Amino acid sequence: MGLLNAEEDPNKICTELVFYVNGKKVIESSPDPEWTLLWYLRKKLRLTGTKLGCAEGGCGACTVMVSKYNRQENKIIHLAVNACLAPLCAMHGLAVTTVEGIGSTKTKLHPVQERIAKAHGSQCGFCTPGIVMSMYTLLRSCKNIQYSDLEVAFQGNLCRCTGYRAIIEGYKTFIEDWETQRIVKNGPQNGTCAMGKDCCKNKSDSCEEADSESQYIFDKSSFLPYDSSQEPIFPPELKLSSIYDSQYVIYRGKQTTWYRPTNIETVLSLKDKFPNAKVVVGNSEVGVEVKFKRCVYPIIIMPNCVPELNTITENEHGLTVGASVTLNDIEKTFREYIKKLPPYKTTVLTTIVEMLNWFAGKQIRNVAAIGGNVMTGSPISDLNPILMSLKVKLNLLSQENGHRTVLMDETFFTGYRKNVVKSNEILLSIEIPFSSKFQYLKAIKQAKRREDDISIVTSAVNVEFEENTNVIKYINLAFGGMAPVTKIATNTGNVLKGLKWNENMLEKAYSLLIDELPLDPSAPGGNIQFRRALTMSLFLKSYLAIGKAMSTDYFYGDLIESYYGSGADSFHGNVPKSSQYFELVGEKQLKSDAVGRPIQHMSAYKQATGEAIYCDDMPIAEGELYLAFVLSSKAHAKLISVDAKKALAEPGVIAFYSAKDLTKEQNSIGPIFHDEELFARDKVLSQGQTIGVIVAVDQATAQAAARMVKVEYEEIQPIIVTIEDAIKYNSFYPQFPKTIKRGNVKAVFDDKNNIIIEGQCRMGGQEHFYLETHAAFAIPKKEDDELEIFCSSQHPSEIAKLVSHILHVPMNRIVARVKRMGGGFGGKESRGMLVALPVALAAHKLNRPVRCMLDRDEDMQMTGTRHPFLIKYKAAATKEGKIVGAIVNIYNNGGYSIDLSGPVVERAMFHFENAYYIPNCEVTGYVCRTNLPSNTAFRGFGGPQGMFGAENMVREIAHRLGKSPEEISRLNLYRENNTTHYGQVLTYCTLQRCWDECVQNSNLAERKLKIKEFNKQHRWRKRGISIIPTKFGIAFTEKLLNQAGALVLVYVDGSVLLSHGGTEMGQGLHTKMIQVATRALGIDVSKIHISETSTDKVPNTSATAASAGSDLNGMAVLEACEKIMKRLKPYIDKNPDGKWENWVSAAYVDRVSLSATGFHATPDIGFDFKTTSGKPFNYFTYGVACTEVEIDCLSGDHQVLRTDIVMDLGESLNPAIDIGQIEGGFIQGYGLFTIEELIYSPTGTLYSRGPGAYKIPGFGDIPLEFNVSLLKGAPNPRAVYSSKAVGEPPLFLASSAYFAIHEAIKAARADAGVPLEFDMEAPATSARIRMACEDHITKKLDKPDPNSFVPWNVVP
């Protein structure tokens, strides 16, 4: 009854929301429970520094700091929180700090912002505000920061550009004692001279060998000291008064009512009245369901002000944990108990704390509650197996029946995400027991990525022994990921009781587990054999860990031989070491000349303060509308009908556009061939294809209406998903196959003295995962059909051209503008048209501004990925290992339209030999037509896939001849004046130099011996090392694209506005162009500004792609600047002591033009496939990488121990930016070759639609030691100021990690006595690594007949 009385008494209920943002009080009189904090910050308060990256709490771009006053402890608590999941209603009485609230370029930067910028830790900048806020929150909540605190703080943040090293280096300076340490020289790895910039190392002429290179890519001595006393104060009102904490809050929205009761009675009466109400604490589950599964929950109860649900109390058997206690608070409290209780009592607490480290990211753990974890009942939960192995007591409570206790045992879960708790009951608390003297608990989780990832399989083994023996008194094994619910292996536990903890018991357990945990070959989640193997492997790991612990505690004598012992351990991070070597500019270079200096990215400060504007950050225009997509849900089907009547009847919906609104010709689009439709007309060829668009007053209305459009289909067979399907159905694009031949292949294969190898290799695709999804904003100019379109595109000219085509308006009326992109990587080269064109069409038709930014799941479903490749090869080599011939067939999966798949397979053909001279060859390329979203450009553009084939050939030849792969590689490397298979002569070929320097830097020979020794001593841990060269051709292979323009405007005050055809996506192109201009004009960086890329300044530009942005635009900028200098020469000669401003002023007075255009077309270039003659590339970028890894043979996990890279970048325009590109490219490539896996169903549904299911490398995945060195004394005569392109070449070097894993697996297979040859597709995921390490466990698995079932997923 308390509820009714409370509702009747208006004095006790609060219906307005009060909170603080950056110190300012915000009062929202009618908050909607469906609003997220991020939406409110961006749309209502217009604080756009906080970014939307994924909307599921998986990328950290939206991180803000939420602060509250803890009245029990009398202290302020600061938490990093994902604003994309945080409900606005949960902010009542709290203080929110965003990136704008801690510093700005207009006032003063906070040290957190300054250090990431100066350390070159911000490239595209879209993830930067989130990373800044994670670091800032750590500084505010932790006094003496250790490196381990940094690791934890960044678990929930992703970056796709930098490779993380620069961010870590910048922020390591906040670690305790850094201020004192930096004065003491600490050796070359991390010592910094107290002289800072005046250090002798930084003073040299480039001719002095010893001092002409530097490790110090940024100057730590220039950092502002951090002073915690200068931080903004917590709002005094929130500290002094507890009124907001004690209010009973009710917020009513359109579809949802939000209750925040303050006592348990009210919670129970609400649950009695609304049995289906959702109880929400962190919203990490419900938020995702509402956003992506479109769930609507009419009643939400937030119990975080109810004392009984939010406390941890001690009882005689253990701890009673309130169901609403957050995982972060549990960890903190458990750690306190671990410190004060004897170790044998805290085994359970320690196990839970250890598991929490791998549970989601810090931002989620700060808000998510243990009760939510139990009640959600995810079958792959990280904690539930632990709780079930302990059979913990759960205390339930309801108004009707009062208290009830249930055990979390095999009967608790009744089905997928269902349990025995009644709908009117709430989970009050969980009883976590202390452990006893002879009890051990081991929990292990295996995921795709160690940090912030959902598990594949989690195991928990809870065992108690008879006193002072190894006889099992009781054992309970629980597993997640093996059924629709968390499973207890009851029978296994019963049979093992009374057995001794030894090998016999282990063998018995294996056979029991196989029987008790079967897995259907079609089970959701795939990886069936891996998961079945993991149940046994993880039990073996637990057996080893518990055996080792018993030996130490009481069972003296070694239960576990040291040879097997390391199998018990899991990988953990360490403080990463790194070095960056590059040539310093000499003293003789003018101070104003910025070329060759490691200056920071021009937008770095703005990116670190949230002031940098991206497409969706632009202010709302008057009368603006939002566009949402109606996408195909079938991969191959006829469109019977498309009915938008219901959607158009919704309030706020303005229009629906489809193929009916365009002629067939207007509706045909594409970057090269117009072979795809903007809106599907008669049939759909892929899921995620656009059928139509809804235009409405705001995003929520538009997206809800888009879901109401009824589409009727009639399915068409076959649905072609994989390359193998395409080959089977002969589904290829008509311009292919194409072939390049050289020499006499037949003769070398017929020569009996040669060895012949034959095989194939496969590489998966890769999602671009730029942090900023595709976005566009079109503003009609109200006259002459003029239209301005702001877009997140690498190719604004193409957007303008295609808009012109679909609207039938000349290009001179359409201006496409790009300020910056939050990452591109090729994904925004051609596919931006899918968003920009409908937006332009709607703006043109309605004569109103229209905006759209894709949600992450839409972006991943619509825009295509890197092409999956299948390469079939046959090669001949001499007995010494010299490769003399090869026949190679290359297939790529193009998707439903040709897009750029043709040039992609052509580049793979040009790079099939990587860095090796093969005198006789025949290479043929095919593009497969499939029912997948059209695959597109991605950093490397087919090059890495082609080179992957070469490296596989090298390894097979080495294996056949009994030699090491590096012997074969070194023997076959290209030399100066060799000719490639397409007839291009190599000049200035530095491959051999890069190779020898990398061998020396990496200490390869000595480390190979150490690895051999390590592998001899460890059965379940193996190491491998691999060295890989690369040769990457620089140019667009389509001749006409090798051109660029620039416009230089000099104003009378001496300031210079520079425009060029390239776009800025984080790669530092604008920064480099300004550096080029400083040398050409002889003026300081501060005088030159680049505003944006716009088609009304420089027309007919090529895409910023093919790594050629700096080369092409740099030469155009140089030409324009030289024209200006030529005009200024008379005034400089007349007044040699004058300043730039004087010369400009004098020229203006004399009526001399102070604007100039520049244009550059790459000379002597162009390849003709018909005659297979010509020169496709301007020059080549060379590099070599050596990587060492360690694998866990039981779980399939791995860790990169060290990577050394030597790269020839000519004379770098900006070593800091170039090294950032090398590291970023390497880590992106590392994702491609080891972690990132696209998951498609056999009917073409993409399952990996966000960071939850698709894993890119995180902070914890970078090499523990990461050394990058730029080759010295290798100028490049064919590009601006002797520089070289850097964007794509480093990516393939990451295959060194894949091939090192390959070597480690070979060592494991040698131990197991199985053949050393094995097939492993890339990426080398944990599943593939584990299953390639064949052993006694994998042998126990029966293999189902492939024709007897339909797999859950297929490899495209």
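Every residue, even glycine, has its Cβ placed from backbone N, Cα and C.
Automatic prediction, not curation, is the source of TrEMBL annotations.
Counting residues per DSSP class in helix, strand and coil order gives 15 helix, 31 strand, 42 coil for the domain '2Fe-2S ferredoxin-type' (15-102). Annotation comment: TrEMBL describes 15-102 as domain '2Fe-2S ferredoxin-type'.
Its Cβ taken as reference, Cys54 ([2Fe-2S] cluster 1 binding site) is surrounded by 30 other Cβ atoms within 10 Å in the chains shown. If you look up TrEMBL, you'll see Cys54, Cys59, Cys62, Cys84 marked as [2Fe-2S] cluster 1 binding site.
Here TrEMBL flags Glu829, Arg907, Phe941, Thr1037 as substrate binding site. A sphere of 10 angstroms centred on the C-beta of Glu829 (substrate binding site) encloses 25 other C-beta atoms.
Around Glu1288 (active site, proton acceptor), the same-chain residues at least 6 positions away in sequence with a Cβ under 8 Å from its Cβ are Arg939, Gly940, Phe941, Gly943, Phe1032, Ala1106, Ser1107, Gly1225. Per TrEMBL, the feature active site, proton acceptor maps to Glu1288.
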To the nearest whole angstrom, state the Cα distance for the pair Cys84 ([2Fe-2S] cluster 1 binding site) and Glu829 (substrate binding site).
28
If you count, for each of the binding-site residues Cys59, Cys62, Arg907, Phe941, Thr1037, the other Cβ atoms lying within 10 Å of its Cβ, which residue has the minimum?
Thr1037
Recorded substrate binding residues, Glu829, Arg907, Phe941, Thr1037 - maximal Cα separation rounded to whole Å:
16
Taking just the CA atoms, what is the gap between Cys59 ([2Fe-2S] cluster 1 binding site) and Glu829 (substrate binding site) in Å?
23
If you average pLDDT over the domain '2Fe-2S ferredoxin-type' (15-102), what do you get?
97
What are the other residues, in sequence order, whose C-beta lies within 8 angstroms of the center of the C-beta atoms of Glu829, Arg907, Phe941, Thr1037 at the substrate site?
Leu900, Pro903, Val904, Glu906, Ala937, Gly942, Gly943, Phe1036, Ala1105, Ala1106
Quick check for the class: what is the C-alpha distance, in angstrom and rounded, between Cys54 ([2Fe-2S] cluster 1 binding site) and Glu829 (substrate binding site)?
21
Whole-number Å distance between the CA of Glu829 (substrate binding site) and the CA of Cys62 ([2Fe-2S] cluster 1 binding site)?
26
Hey, how far is Thr1037 (substrate binding site) from Cys62 ([2Fe-2S] cluster 1 binding site), Cα to Cα, in Å?
39
Other same-chain residues whose Cβ falls within 8 Å of the Cβ centroid of Cys54, Cys59, Cys62, Cys84, the recorded [2Fe-2S] cluster 1 site, in sequence order:
Leu38, Lys51, Leu52, Gly53, Ala55, Glu56, Gly57, Gly58, Gly60, Ala61, Asn82, Leu85, Gly130, Arg856, Pro1251
